[in-house]
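One structure is given here, and the rest of the page talks about it.
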Amino acid sequence: VKELFSSLGVECNVLELDQVDDGAKIQEVLSEITNQKTVPNVFVNKVHVGGCDQTFQAYQSGLLQKLLQEDSAYDYDLIIVGGGSGGLSCAKEAAILGKKVMVLDFVVPSPQGTSWGLGGTCVNVGCIPKKLMHQAALLGQALCDSRKFGWEYDQQVKHNWETMTKAIQNHISSLNWGYRLSLREKAVAYVNSYGEFVEHHKIKATNKKGQETYYTAAQFVIATGERPRYLGIQGDKEYCITSDDLFSLPYCPGKTLVVGASYVALECAGFLAGFGLDVTVMVRSILLRGFDQEMAEKVGSYMEQHGVKFLRKFIPVMIQQLEKGSPGKLKVLAKSTEGTETIEGVYNTVLLAIGRDSCTRKIGLEKIGVKINEKSGKIPVNDVEQTSVPYVCAVGDILEGKPELTPVAIQSGKLLARRLFGASLEKIYHTLFWPLEWTVAGRENNTCYAKIICNKLDHDRVIGFHILGPNAGEVTQGFAAAMKCGLTKQLLDDTIGIHPTCGEVFTTLEITKSSGLDVTQKGCG
(Lines of atoms letter the chains of each structure in order from A and count residues from 1; the text may use other names and numbers.)
(Lines give C-alpha, C1' and ligand atoms only; values in the text may rest on other atoms or scores of the structure.)
Protein backbone atom coordinates (compact mmCIF):
# COMPACT_ATOMS: atom_id res chain seq x y z
CA VAL A 1 0.00 0.00 0.00
CA LYS A 2 2.89 2.36 0.79
CA GLU A 3 4.41 1.65 -2.62
CA LEU A 4 1.06 2.26 -4.31
CA PHE A 5 0.67 5.70 -2.74
CA SER A 6 4.31 6.48 -3.52
CA SER A 7 3.80 5.53 -7.18
CA LEU A 8 0.81 7.90 -7.30
CA GLY A 9 2.90 10.73 -5.84
CA VAL A 10 0.64 10.86 -2.79
CA GLU A 11 2.02 11.77 0.63
CA CYS A 12 0.53 9.52 3.30
CA ASN A 13 0.78 9.46 7.06
CA VAL A 14 1.73 6.07 8.44
CA LEU A 15 1.16 5.02 12.04
CA GLU A 16 3.02 1.80 12.90
CA LEU A 17 0.96 0.39 15.76
CA ASP A 18 3.70 -1.97 16.92
CA GLN A 19 6.07 0.98 17.37
CA VAL A 20 3.91 3.17 19.62
CA ASP A 21 3.16 2.70 23.30
CA ASP A 22 -0.64 2.79 22.99
CA GLY A 23 -0.79 0.78 19.76
CA ALA A 24 -3.10 -1.84 21.27
CA LYS A 25 -5.59 0.81 22.37
CA ILE A 26 -5.50 2.48 18.97
CA GLN A 27 -6.11 -0.88 17.30
CA GLU A 28 -9.08 -1.47 19.62
CA VAL A 29 -10.62 1.89 18.66
CA LEU A 30 -9.96 1.27 14.97
CA SER A 31 -11.65 -2.11 15.25
CA GLU A 32 -14.71 -0.46 16.82
CA ILE A 33 -14.89 2.25 14.17
CA THR A 34 -14.26 0.10 11.10
CA ASN A 35 -15.02 -3.48 12.19
CA GLN A 36 -11.62 -4.36 10.69
CA LYS A 37 -9.18 -6.16 12.97
CA THR A 38 -6.28 -6.41 10.51
CA VAL A 39 -3.67 -3.97 9.21
CA PRO A 40 -3.08 -2.01 7.09
CA ASN A 41 -6.22 -0.05 7.89
CA VAL A 42 -6.42 2.60 5.18
CA PHE A 43 -8.28 5.90 5.30
CA VAL A 44 -8.31 8.39 2.41
CA ASN A 45 -9.61 11.89 3.15
CA LYS A 46 -11.58 10.58 6.17
CA VAL A 47 -13.14 7.71 4.18
CA HIS A 48 -12.36 4.20 5.40
CA VAL A 49 -11.18 2.20 2.38
CA GLY A 50 -10.22 -1.06 4.11
CA GLY A 51 -7.18 -3.30 3.99
CA CYS A 52 -4.58 -3.97 1.28
CA ASP A 53 -6.88 -5.87 -1.09
CA GLN A 54 -9.68 -3.29 -0.85
CA THR A 55 -7.22 -0.45 -1.45
CA PHE A 56 -5.92 -2.06 -4.65
CA GLN A 57 -9.47 -2.85 -5.78
CA ALA A 58 -10.36 0.81 -5.26
CA TYR A 59 -7.29 1.80 -7.30
CA GLN A 60 -8.17 -0.55 -10.16
CA SER A 61 -11.77 0.73 -10.31
CA GLY A 62 -10.74 4.38 -10.20
CA LEU A 63 -12.33 5.00 -6.82
CA LEU A 64 -9.04 5.59 -5.05
CA GLN A 65 -8.15 8.38 -7.45
CA LYS A 66 -11.52 10.01 -6.76
CA LEU A 67 -11.06 9.72 -3.01
CA LEU A 68 -7.64 11.32 -3.24
CA GLN A 69 -9.20 14.56 -4.46
CA GLU A 70 -9.24 17.29 -1.84
CA ASP A 71 -12.46 17.56 0.17
CA SER A 72 -12.77 21.18 -0.96
CA ALA A 73 -13.31 19.88 -4.49
CA TYR A 74 -16.83 18.87 -3.44
CA ASP A 75 -19.92 20.97 -2.87
CA TYR A 76 -20.79 19.13 0.35
CA ASP A 77 -19.18 16.91 2.95
CA LEU A 78 -22.28 14.70 2.93
CA ILE A 79 -25.32 14.33 0.69
CA ILE A 80 -28.16 12.16 1.96
CA VAL A 81 -30.62 10.74 -0.54
CA GLY A 82 -33.93 10.39 1.28
CA GLY A 83 -35.60 12.53 3.93
CA GLY A 84 -37.14 9.85 6.10
CA SER A 85 -36.33 8.74 9.64
CA GLY A 86 -32.81 7.49 8.93
CA GLY A 87 -31.83 10.23 6.50
CA LEU A 88 -32.97 13.09 8.71
CA SER A 89 -31.37 11.58 11.81
CA CYS A 90 -28.05 11.20 10.00
CA ALA A 91 -28.26 14.70 8.48
CA LYS A 92 -28.90 16.44 11.78
CA GLU A 93 -26.17 14.54 13.61
CA ALA A 94 -23.61 15.21 10.86
CA ALA A 95 -24.51 18.92 10.93
CA ILE A 96 -24.11 19.00 14.73
CA LEU A 97 -20.62 17.58 14.14
CA GLY A 98 -19.80 20.57 11.92
CA LYS A 99 -20.25 19.08 8.46
CA LYS A 100 -21.79 20.72 5.38
CA VAL A 101 -24.83 18.55 4.66
CA MET A 102 -27.56 18.34 2.01
CA VAL A 103 -30.74 16.26 2.04
CA LEU A 104 -32.40 15.33 -1.27
CA ASP A 105 -35.97 14.15 -0.79
CA PHE A 106 -38.65 13.61 -3.42
CA VAL A 107 -41.83 11.54 -3.15
CA VAL A 108 -42.81 9.90 -6.43
CA PRO A 109 -46.66 9.97 -6.42
CA SER A 110 -48.43 6.63 -5.95
CA PRO A 111 -50.40 5.19 -8.91
CA GLN A 112 -53.44 6.90 -7.33
CA GLY A 113 -51.56 10.22 -7.30
CA THR A 114 -50.82 10.47 -3.58
CA SER A 115 -47.67 12.22 -2.39
CA TRP A 116 -46.57 13.88 0.85
CA GLY A 117 -44.01 16.11 2.54
CA LEU A 118 -40.66 15.75 4.28
CA GLY A 119 -40.32 13.06 6.93
CA GLY A 120 -40.62 9.71 5.17
CA THR A 121 -43.03 6.80 5.50
CA CYS A 122 -43.40 6.72 9.29
CA VAL A 123 -44.58 10.29 9.67
CA ASN A 124 -46.66 10.60 6.52
CA VAL A 125 -48.09 7.19 5.63
CA GLY A 126 -46.95 4.86 8.40
CA CYS A 127 -46.64 4.73 12.17
CA ILE A 128 -48.05 8.16 12.98
CA PRO A 129 -51.32 8.22 10.96
CA LYS A 130 -51.78 4.50 11.64
CA LYS A 131 -51.65 4.96 15.40
CA LEU A 132 -53.92 8.01 15.19
CA MET A 133 -56.52 6.04 13.22
CA HIS A 134 -56.10 3.20 15.70
CA GLN A 135 -56.72 5.73 18.48
CA ALA A 136 -59.86 6.90 16.68
CA ALA A 137 -61.12 3.31 16.62
CA LEU A 138 -60.27 2.85 20.30
CA LEU A 139 -62.27 5.96 21.15
CA GLY A 140 -65.26 4.37 19.45
CA GLN A 141 -64.79 1.26 21.58
CA ALA A 142 -64.41 3.45 24.67
CA LEU A 143 -67.75 5.09 23.86
CA CYS A 144 -69.40 1.67 23.98
CA ASP A 145 -67.60 0.79 27.20
CA SER A 146 -68.46 4.12 28.81
CA ARG A 147 -72.14 3.20 29.32
CA LYS A 148 -71.04 0.48 31.76
CA PHE A 149 -69.12 3.13 33.68
CA GLY A 150 -72.18 5.32 34.09
CA TRP A 151 -71.95 7.59 31.05
CA GLU A 152 -75.37 8.25 29.58
CA TYR A 153 -76.05 9.66 26.12
CA ASP A 154 -79.07 9.43 23.89
CA GLN A 155 -77.89 10.68 20.52
CA GLN A 156 -76.68 8.19 17.93
CA VAL A 157 -72.90 8.21 17.71
CA LYS A 158 -71.31 7.80 14.29
CA HIS A 159 -67.82 8.23 12.85
CA ASN A 160 -66.96 10.96 10.33
CA TRP A 161 -64.04 9.84 8.14
CA GLU A 162 -63.46 13.28 6.61
CA THR A 163 -63.19 14.99 10.01
CA MET A 164 -60.66 12.42 11.18
CA THR A 165 -58.45 12.49 8.08
CA LYS A 166 -58.44 16.29 8.00
CA ALA A 167 -57.28 16.44 11.62
CA ILE A 168 -54.62 13.77 11.06
CA GLN A 169 -53.31 15.42 7.89
CA ASN A 170 -53.16 18.79 9.67
CA HIS A 171 -51.02 17.19 12.35
CA ILE A 172 -48.77 15.55 9.77
CA SER A 173 -48.35 18.90 7.99
CA SER A 174 -47.15 20.39 11.25
CA LEU A 175 -44.58 17.59 11.54
CA ASN A 176 -43.43 18.19 7.94
CA TRP A 177 -42.88 21.85 8.77
CA GLY A 178 -41.10 20.92 11.99
CA TYR A 179 -38.60 18.77 10.10
CA ARG A 180 -37.90 21.53 7.59
CA LEU A 181 -37.40 23.98 10.43
CA SER A 182 -35.09 21.57 12.24
CA LEU A 183 -32.90 21.18 9.15
CA ARG A 184 -32.84 24.93 8.64
CA GLU A 185 -31.80 25.52 12.26
CA LYS A 186 -28.88 23.13 11.78
CA ALA A 187 -27.93 24.71 8.42
CA VAL A 188 -28.70 21.51 6.49
CA ALA A 189 -29.60 22.23 2.86
CA TYR A 190 -32.95 20.62 1.98
CA VAL A 191 -33.77 20.18 -1.71
CA ASN A 192 -37.13 18.74 -2.80
CA SER A 193 -35.70 16.89 -5.80
CA TYR A 194 -35.19 13.32 -7.00
CA GLY A 195 -31.59 12.18 -6.57
CA GLU A 196 -29.82 9.99 -9.12
CA PHE A 197 -26.10 9.21 -9.24
CA VAL A 198 -24.46 10.09 -12.55
CA GLU A 199 -20.79 9.42 -11.77
CA HIS A 200 -18.49 9.00 -8.78
CA HIS A 201 -19.17 11.63 -6.12
CA LYS A 202 -21.73 13.37 -8.36
CA ILE A 203 -25.53 13.27 -8.20
CA LYS A 204 -28.29 14.75 -10.37
CA ALA A 205 -31.24 16.35 -8.61
CA THR A 206 -34.47 16.69 -10.63
CA ASN A 207 -37.33 18.76 -9.24
CA LYS A 208 -41.05 18.36 -9.97
CA LYS A 209 -40.76 20.73 -12.95
CA GLY A 210 -38.09 18.53 -14.50
CA GLN A 211 -35.28 21.01 -13.85
CA GLU A 212 -31.92 19.33 -13.23
CA THR A 213 -29.12 20.44 -10.91
CA TYR A 214 -25.87 18.62 -10.15
CA TYR A 215 -24.13 18.36 -6.79
CA THR A 216 -20.95 16.69 -5.55
CA ALA A 217 -20.02 15.37 -2.12
CA ALA A 218 -17.21 13.56 -0.36
CA GLN A 219 -19.65 11.12 1.26
CA PHE A 220 -23.15 9.90 0.43
CA VAL A 221 -25.81 8.12 2.47
CA ILE A 222 -28.65 6.28 0.74
CA ALA A 223 -31.81 6.42 2.85
CA THR A 224 -34.53 6.02 0.23
CA GLY A 225 -36.73 3.54 2.11
CA GLU A 226 -39.41 1.35 0.58
CA ARG A 227 -42.80 1.67 -1.13
CA PRO A 228 -45.80 -0.71 -1.22
CA ARG A 229 -45.72 -3.63 -3.65
CA TYR A 230 -48.48 -4.29 -6.19
CA LEU A 231 -49.87 -7.64 -7.30
CA GLY A 232 -48.99 -7.40 -10.98
CA ILE A 233 -52.50 -8.37 -12.08
CA GLN A 234 -55.12 -6.66 -14.24
CA GLY A 235 -56.60 -3.65 -12.47
CA ASP A 236 -54.33 -3.48 -9.42
CA LYS A 237 -52.61 -0.13 -10.02
CA GLU A 238 -55.70 1.31 -11.70
CA TYR A 239 -58.21 0.61 -8.94
CA CYS A 240 -56.52 -0.56 -5.73
CA ILE A 241 -55.04 1.60 -2.99
CA THR A 242 -52.17 0.96 -0.56
CA SER A 243 -51.07 2.44 2.75
CA ASP A 244 -49.61 5.27 0.63
CA ASP A 245 -53.20 6.38 -0.10
CA LEU A 246 -55.33 5.22 2.83
CA PHE A 247 -54.42 7.81 5.46
CA SER A 248 -55.29 10.79 3.26
CA LEU A 249 -58.19 9.14 1.40
CA PRO A 250 -60.75 11.94 0.92
CA TYR A 251 -63.76 9.64 1.43
CA CYS A 252 -64.72 6.75 3.71
CA PRO A 253 -63.52 3.51 2.04
CA GLY A 254 -66.76 1.65 2.79
CA LYS A 255 -66.79 -2.13 2.37
CA THR A 256 -63.11 -3.00 2.16
CA LEU A 257 -61.05 -5.99 1.05
CA VAL A 258 -57.56 -5.99 2.58
CA VAL A 259 -55.17 -8.19 0.62
CA GLY A 260 -52.25 -9.47 2.67
CA ALA A 261 -51.45 -10.86 6.09
CA SER A 262 -48.64 -8.54 7.20
CA TYR A 263 -48.85 -6.34 10.28
CA VAL A 264 -49.72 -3.45 7.95
CA ALA A 265 -52.66 -5.46 6.59
CA LEU A 266 -53.96 -6.49 10.01
CA GLU A 267 -53.46 -3.06 11.59
CA CYS A 268 -55.40 -1.37 8.81
CA ALA A 269 -58.13 -4.02 8.85
CA GLY A 270 -58.42 -3.61 12.61
CA PHE A 271 -59.01 0.12 12.72
CA LEU A 272 -61.27 0.10 9.65
CA ALA A 273 -63.45 -2.50 11.37
CA GLY A 274 -63.30 -0.33 14.49
CA PHE A 275 -65.02 2.44 12.52
CA GLY A 276 -67.88 0.04 11.84
CA LEU A 277 -66.89 -0.81 8.24
CA ASP A 278 -67.40 -4.22 6.59
CA VAL A 279 -63.83 -5.56 6.37
CA THR A 280 -62.48 -8.78 4.83
CA VAL A 281 -58.83 -9.88 4.86
CA MET A 282 -57.64 -12.13 2.01
CA VAL A 283 -54.72 -14.27 3.17
CA ARG A 284 -52.45 -16.23 0.82
CA SER A 285 -51.04 -18.58 3.46
CA ILE A 286 -50.39 -17.66 7.12
CA LEU A 287 -50.89 -14.57 9.26
CA LEU A 288 -47.88 -12.47 10.24
CA ARG A 289 -45.14 -14.53 8.61
CA GLY A 290 -41.97 -14.37 10.68
CA PHE A 291 -43.86 -13.78 13.94
CA ASP A 292 -44.66 -16.36 16.62
CA GLN A 293 -47.51 -18.29 15.00
CA GLU A 294 -49.34 -19.02 18.24
CA MET A 295 -49.53 -15.27 18.86
CA ALA A 296 -50.41 -14.58 15.23
CA GLU A 297 -53.37 -16.94 15.33
CA LYS A 298 -54.59 -15.40 18.58
CA VAL A 299 -54.51 -12.00 16.87
CA GLY A 300 -56.53 -13.44 13.98
CA SER A 301 -59.06 -15.05 16.30
CA TYR A 302 -59.53 -11.81 18.23
CA MET A 303 -60.07 -9.88 15.00
CA GLU A 304 -62.66 -12.42 13.83
CA GLN A 305 -64.50 -12.10 17.13
CA HIS A 306 -64.63 -8.34 16.53
CA GLY A 307 -66.13 -8.52 13.06
CA VAL A 308 -63.21 -8.90 10.65
CA LYS A 309 -63.77 -11.68 8.10
CA PHE A 310 -60.90 -13.78 6.73
CA LEU A 311 -60.62 -15.46 3.32
CA ARG A 312 -57.76 -17.90 3.74
CA LYS A 313 -55.67 -19.56 1.02
CA PHE A 314 -56.87 -17.23 -1.76
CA ILE A 315 -55.09 -14.71 -4.00
CA PRO A 316 -56.63 -12.07 -6.32
CA VAL A 317 -56.19 -12.62 -10.06
CA MET A 318 -58.19 -9.68 -11.47
CA ILE A 319 -59.76 -6.42 -10.29
CA GLN A 320 -62.61 -4.89 -12.30
CA GLN A 321 -64.34 -1.56 -11.80
CA LEU A 322 -68.14 -1.89 -11.70
CA GLU A 323 -68.94 1.70 -10.73
CA LYS A 324 -66.96 4.92 -10.38
CA GLY A 325 -67.46 6.94 -7.23
CA SER A 326 -66.11 7.96 -3.85
CA PRO A 327 -66.00 5.11 -3.14
CA GLY A 328 -66.97 3.20 -6.26
CA LYS A 329 -67.56 -0.53 -6.65
CA LEU A 330 -64.95 -3.11 -7.56
CA LYS A 331 -65.29 -6.78 -8.44
CA VAL A 332 -62.47 -9.02 -7.25
CA LEU A 333 -61.82 -12.40 -8.85
CA ALA A 334 -59.63 -14.66 -6.69
CA LYS A 335 -58.36 -18.21 -6.94
CA SER A 336 -57.47 -20.80 -4.36
CA THR A 337 -53.80 -21.45 -3.59
CA GLU A 338 -54.61 -25.14 -2.99
CA GLY A 339 -56.82 -26.05 -5.94
CA THR A 340 -58.85 -24.77 -8.89
CA GLU A 341 -61.62 -23.04 -6.92
CA THR A 342 -62.31 -19.41 -7.84
CA ILE A 343 -64.46 -16.87 -5.99
CA GLU A 344 -65.82 -13.38 -6.71
CA GLY A 345 -66.62 -10.53 -4.37
CA VAL A 346 -67.78 -6.93 -4.67
CA TYR A 347 -66.16 -4.24 -2.54
CA ASN A 348 -65.98 -0.46 -2.40
CA THR A 349 -62.24 -0.41 -1.76
CA VAL A 350 -59.39 -2.89 -2.22
CA LEU A 351 -56.36 -2.18 -0.01
CA LEU A 352 -53.13 -3.97 -0.94
CA ALA A 353 -50.71 -4.72 1.91
CA ILE A 354 -48.60 -7.54 0.49
CA GLY A 355 -45.13 -6.19 1.20
CA ARG A 356 -42.79 -3.36 0.28
CA ASP A 357 -40.00 -2.91 -2.27
CA SER A 358 -36.75 -0.99 -1.76
CA CYS A 359 -36.38 2.26 -3.71
CA THR A 360 -32.91 1.47 -5.04
CA ARG A 361 -33.32 0.53 -8.70
CA LYS A 362 -33.79 3.97 -10.26
CA ILE A 363 -31.23 6.11 -8.46
CA GLY A 364 -28.16 5.37 -10.60
CA LEU A 365 -26.37 3.01 -8.22
CA GLU A 366 -25.10 0.92 -11.13
CA LYS A 367 -23.27 3.97 -12.49
CA ILE A 368 -21.00 4.14 -9.44
CA GLY A 369 -20.76 0.42 -8.72
CA VAL A 370 -22.95 0.11 -5.62
CA LYS A 371 -24.11 -3.50 -5.51
CA ILE A 372 -27.70 -4.43 -4.70
CA ASN A 373 -29.48 -7.74 -4.29
CA GLU A 374 -31.08 -8.04 -7.72
CA LYS A 375 -34.01 -10.05 -6.37
CA SER A 376 -34.96 -7.91 -3.36
CA GLY A 377 -33.44 -4.59 -4.32
CA LYS A 378 -31.85 -4.34 -0.88
CA ILE A 379 -28.28 -3.12 -0.44
CA PRO A 380 -25.68 -5.37 1.21
CA VAL A 381 -23.54 -3.43 3.70
CA ASN A 382 -20.85 -4.27 6.21
CA ASP A 383 -21.21 -3.85 9.96
CA VAL A 384 -20.71 -0.09 9.68
CA GLU A 385 -23.35 0.40 6.94
CA GLN A 386 -20.73 0.83 4.18
CA THR A 387 -21.78 -0.36 0.70
CA SER A 388 -19.51 -1.90 -1.93
CA VAL A 389 -18.36 1.66 -2.69
CA PRO A 390 -16.34 3.07 0.25
CA TYR A 391 -17.74 6.62 0.22
CA VAL A 392 -21.38 5.47 -0.01
CA CYS A 393 -23.23 4.22 3.07
CA ALA A 394 -26.87 3.24 3.53
CA VAL A 395 -29.37 3.22 6.39
CA GLY A 396 -32.92 2.11 7.04
CA ASP A 397 -35.24 -0.45 5.47
CA ILE A 398 -33.18 -0.77 2.27
CA LEU A 399 -30.39 -2.66 4.07
CA GLU A 400 -30.11 -6.38 3.38
CA GLY A 401 -30.44 -8.62 6.42
CA LYS A 402 -30.82 -5.76 8.90
CA PRO A 403 -33.71 -4.86 11.26
CA GLU A 404 -36.30 -2.50 9.78
CA LEU A 405 -38.63 0.31 10.85
CA THR A 406 -38.31 3.84 12.18
CA PRO A 407 -36.59 3.48 15.58
CA VAL A 408 -33.81 1.39 14.01
CA ALA A 409 -33.35 3.93 11.20
CA ILE A 410 -33.24 6.88 13.63
CA GLN A 411 -30.59 5.22 15.77
CA SER A 412 -28.62 3.90 12.76
CA GLY A 413 -28.59 7.29 11.05
CA LYS A 414 -27.27 9.03 14.14
CA LEU A 415 -24.60 6.41 14.81
CA LEU A 416 -23.55 6.40 11.16
CA ALA A 417 -22.94 10.16 11.24
CA ARG A 418 -20.87 9.74 14.38
CA ARG A 419 -18.79 6.99 12.77
CA LEU A 420 -18.24 9.10 9.66
CA PHE A 421 -17.39 12.35 11.36
CA GLY A 422 -16.58 11.63 15.02
CA ALA A 423 -18.66 12.48 18.09
CA SER A 424 -18.31 14.15 21.45
CA LEU A 425 -19.01 12.71 24.90
CA GLU A 426 -22.59 12.78 26.17
CA LYS A 427 -23.75 13.35 29.74
CA ILE A 428 -27.14 13.92 31.42
CA TYR A 429 -30.26 14.53 29.37
CA HIS A 430 -33.86 15.73 29.54
CA THR A 431 -36.69 16.56 27.14
CA LEU A 432 -40.27 17.68 26.84
CA PHE A 433 -42.53 15.50 24.72
CA TRP A 434 -46.02 15.38 23.22
CA PRO A 435 -47.86 12.02 23.34
CA LEU A 436 -49.19 11.14 19.90
CA GLU A 437 -52.65 10.52 21.34
CA TRP A 438 -52.75 14.15 22.52
CA THR A 439 -51.89 15.76 19.18
CA VAL A 440 -55.10 15.47 17.18
CA ALA A 441 -57.20 15.91 20.32
CA GLY A 442 -55.54 19.32 20.74
CA ARG A 443 -54.23 18.69 24.26
CA GLU A 444 -51.30 20.69 25.60
CA ASN A 445 -48.00 20.44 23.72
CA ASN A 446 -44.67 20.20 25.54
CA THR A 447 -46.13 19.65 29.01
CA CYS A 448 -44.95 16.05 29.39
CA TYR A 449 -41.38 15.75 30.62
CA ALA A 450 -38.67 13.08 30.78
CA LYS A 451 -35.41 13.27 32.73
CA ILE A 452 -32.64 10.91 33.77
CA ILE A 453 -29.90 11.52 36.33
CA CYS A 454 -26.57 9.77 35.76
CA ASN A 455 -23.47 9.18 37.87
CA LYS A 456 -20.67 10.48 35.66
CA LEU A 457 -18.06 8.69 37.75
CA ASP A 458 -19.71 5.31 37.21
CA HIS A 459 -19.98 5.07 33.40
CA ASP A 460 -23.02 7.37 33.41
CA ARG A 461 -25.04 4.80 35.34
CA VAL A 462 -28.68 5.88 35.61
CA ILE A 463 -29.45 6.62 39.27
CA GLY A 464 -32.61 8.71 38.77
CA PHE A 465 -35.52 8.31 36.38
CA HIS A 466 -38.39 10.79 36.01
CA ILE A 467 -41.39 10.89 33.66
CA LEU A 468 -44.42 13.18 33.68
CA GLY A 469 -46.99 11.92 31.19
CA PRO A 470 -49.58 9.25 30.35
CA ASN A 471 -49.05 5.73 31.69
CA ALA A 472 -46.07 6.94 33.72
CA GLY A 473 -46.33 4.01 36.13
CA GLU A 474 -46.27 1.45 33.32
CA VAL A 475 -43.26 3.12 31.71
CA THR A 476 -41.35 3.48 34.96
CA GLN A 477 -41.89 -0.14 36.00
CA GLY A 478 -39.98 -1.45 32.99
CA PHE A 479 -37.10 0.99 33.36
CA ALA A 480 -36.93 0.29 37.11
CA ALA A 481 -35.94 -3.32 36.41
CA ALA A 482 -33.30 -2.10 33.96
CA MET A 483 -31.90 0.30 36.58
CA LYS A 484 -31.61 -2.57 39.06
CA CYS A 485 -29.53 -4.36 36.42
CA GLY A 486 -27.11 -1.42 36.08
CA LEU A 487 -28.70 0.65 33.30
CA THR A 488 -26.35 3.28 31.81
CA LYS A 489 -26.91 6.21 29.47
CA GLN A 490 -25.01 4.32 26.77
CA LEU A 491 -27.32 1.32 27.13
CA LEU A 492 -30.33 3.63 26.75
CA ASP A 493 -28.77 5.11 23.61
CA ASP A 494 -28.13 1.63 22.25
CA THR A 495 -31.75 0.59 22.85
CA ILE A 496 -34.15 0.64 19.90
CA GLY A 497 -37.33 2.52 20.79
CA ILE A 498 -40.80 1.00 20.42
CA HIS A 499 -42.48 3.48 18.11
CA PRO A 500 -44.63 5.48 18.56
CA THR A 501 -44.73 5.38 22.39
CA CYS A 502 -43.99 7.77 25.24
CA GLY A 503 -41.28 5.50 26.68
CA GLU A 504 -39.12 5.73 23.55
CA VAL A 505 -38.09 9.30 24.40
CA PHE A 506 -35.58 7.82 26.84
CA THR A 507 -33.73 6.16 23.95
CA THR A 508 -33.26 9.43 22.03
CA LEU A 509 -32.38 11.95 24.75
CA GLU A 510 -29.89 14.44 23.27
CA ILE A 511 -29.91 17.66 25.30
CA THR A 512 -28.12 18.14 28.62
CA LYS A 513 -29.91 20.21 31.21
CA SER A 514 -26.75 22.24 31.83
CA SER A 515 -26.58 23.27 28.15
CA GLY A 516 -29.72 25.37 28.46
CA LEU A 517 -30.79 24.34 24.95
CA ASP A 518 -34.46 24.29 23.93
CA VAL A 519 -36.12 20.93 24.64
CA THR A 520 -39.50 21.58 23.00
CA GLN A 521 -40.45 18.98 20.40
CA LYS A 522 -41.14 19.73 16.72
CA GLY A 523 -41.58 16.24 15.30
CA CYS A 524 -41.25 12.46 15.55
CA GLY A 525 -37.64 11.28 16.07
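Cβ atoms here come from the backbone N, Cα and C positions, even for glycine.
Note: TrEMBL annotation is automatic and uncurated.
What TrEMBL records for this protein:
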type	residues	note
ACT_SITE	His499	active site, proton acceptor
BINDING	Lys131, Gly195, Asp397	FAD binding site
BINDING	Gly260, Ala261, Ser262, Tyr263, Val264, Ala265, Leu266, Glu267, Gly355	NAD(+) binding site
DISULFID	Cys122-Cys127	disulfide bond
DOMAIN	1-49	domain 'Glutaredoxin'
DOMAIN	76-413	domain 'FAD/NAD(P)-binding'
DOMAIN	427-508	domain 'Pyridine nucleotide-disulphide oxidoreductase dimerisation'
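Features per TrEMBL, on structure.
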{"residue": "Lys131", "record": "FAD binding site", "contacts (Cβ under 8 Å, 6+ apart)": "Leu436, Glu437, Pro500"}
{"residue": "Gly195", "record": "FAD binding site", "contacts (Cβ under 8 Å, 6+ apart)": "Ile79, Val81, Gly82, Leu104, Phe106, Ile203, Lys204, Ala205, Ile363"}
{"residue": "Gly260", "record": "NAD(+) binding site", "contacts (Cβ under 8 Å, 6+ apart)": "Val281, Met282, Val283, Arg284, Leu352, Ala353, Ile354, Gly355"}
{"residue": "Val264", "record": "NAD(+) binding site", "contacts (Cβ under 8 Å, 6+ apart)": "Ser243, Ala353"}
{"residue": "Leu266", "record": "NAD(+) binding site", "contacts (Cβ under 8 Å, 6+ apart)": "Val281, Leu287, Leu288, Val299, Gly300, Met303"}
{"residue": "Asp397", "record": "FAD binding site", "contacts (Cβ under 8 Å, 6+ apart)": "Gly225, Glu226, Arg356, Ser358, Glu404, Leu405, Ala409"}
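The average pLDDT computed over the domain 'Pyridine nucleotide-disulphide oxidoreductase dimerisation' (427-508) stands at 88.
Residue counts for the domain 'Glutaredoxin' (1-49) by DSSP state, with H, G and I taken as helix and E and B as strand, are 21 helix, 6 strand, 22 coil. Comment: FAD site residues Lys131, Gly195, Asp397; largest CA to CA distance 31 Å, whole number.
Of all the disulfide-bonded residues listed here (Cys122, Cys127), the one with the fewest other CB atoms within 10 A of its own CB is Cys127. Cα separation, Cys127 (disulfide bond) to His499 (active site, proton acceptor), rounded: 7 Å. Those residues noted as binding NAD(+) (Gly260, Ala261, Ser262, Tyr263, Val264, Ala265, Leu266, Glu267, Gly355) have their most widely separated CA atoms at a distance of 14 Å. Residues within less than 8 Å, Cβ to Cβ, of Ser262 (NAD(+) binding site) and separated from it by at least 6 positions along the same chain comprise Leu288, Arg289, Ala353, Ile354, Gly355.
Just so you know, of the recorded positions Gly355, His499, the Cβ with the fewest other Cβ atoms around it within 10 Å is the one at Gly355.
Report note: the NAD(+) site is defined by Gly260, Ala261, Ser262, Tyr263, Val264, Ala265, Leu266, Glu267, Gly355, and the residues of the same chain whose CB lies within 8 Å of the CB centroid of those residues, excluding them, are Val258, Cys268, Leu288, Ala353, Ile354. Rounded to a whole value, the Cα-Cα separation of the residue listed as 'active site, proton acceptor' and Cys122 (disulfide bond) is 9 Å. Under DSSP, the residues of the domain 'Pyridine nucleotide-disulphide oxidoreductase dimerisation' (427-508) split into helix, strand and coil as follows: 31 helix, 22 strand, 29 coil.
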